[in-house]
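What follows is one structure encoded as structure tokens, with my remarks underneath.
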Amino acid sequence: MSARRPFSKWALLALLFVTLVAIDQWTKYLAVERLTTLFERTGAETLGERLAGFLEHQHLEPISTDPYYVWRPVWRMNYVENPGAAWGLFRGHSEAFRNGFFTLVSLGAVAFILHYYRKLRAEQRYLQVALALVLSGAVGNFLDRLARGYVIDFIEWYWWNRPDIRWPTFNIADSLIVVGVALLVLHPGSGKAAQKAGADAEGDRRASTGG
């Protein structure tokens, strides 16, 4: 009996990439559904109509009620359209500049990640997963910018019962990038290449994602 072939690193990347990007986009759809007036205003009822509205409509009106609290002392959901980066960076620049800049940064980060991933050995699963997380997050936010010119953010963390002291609103794609970068930096055998990947990806998160 022939030995069982190990799961290809490219198959692992494809599986994680498709799954994580789908989760990111689905949670953004849920944010639009639960936190904006889009479907009420357009009368969309079926899933197909709502998905079409999610992809086609821009600059949506948030619901007028209080934000949805996951855990009231520290965590709530709040719909935000972020045309810039974290802490409002690049908001003052023109849309054409932002789109061009974020496109170049995102494509550069994706190219670097794939170049580094190609060099990994089949048994380096830890680094494969870390890079897959960063890649999925970068592409998830890039799809937002490509379709709308801004990133949909909705997760809002703040200091204990102090919503005025809060972290910039973010999304699942941002979380994937942060976790992936942390794994790269903390990996004891990652070496200088992984350190460089972490620094490059963190720069992409700040410059080309929503927070």
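From the backbone N, Cα and C atoms, a Cβ is placed for every residue, glycine too.
Taken from Swiss-Prot, the feature transmembrane segment applies to 12-32 (among others), supported by sequence analysis.
Sequence annotations record features per position, and here Swiss-Prot assigns transmembrane segment to 96-116 (among others).
Per Swiss-Prot, transmembrane segment is recorded for 127-147 (among others), and the stated evidence type is sequence analysis.
Residues annotated as active site in Swiss-Prot: Asp153 (among others). Counting Cβ atoms from all protein chains shown, Asp153 (active site) has 25 others lying within 10 Å of its own Cβ.
The transmembrane segment annotation in Swiss-Prot covers 167-187 (among others).
Under the DSSP three-state reduction, Asp174 (active site) is assigned to helix. The annotation active site is assigned in Swiss-Prot to Asp174 (among others).
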Six or more residues beyond either end and a Cβ under 8 Å away: which residues meet both conditions relative to the transmembrane segment (12-32)? 38-39, 50-51, 54, 60, 77, 79, 117, 125, 128-129, 131-133, 135-137, 139-140, 143-144, 152, 154, 171-173, 176
Rounded to the nearest Å, what's the C-alpha distance separating Asp174 (active site) and Asp153 (active site)? Just drop the number here, would you? 9
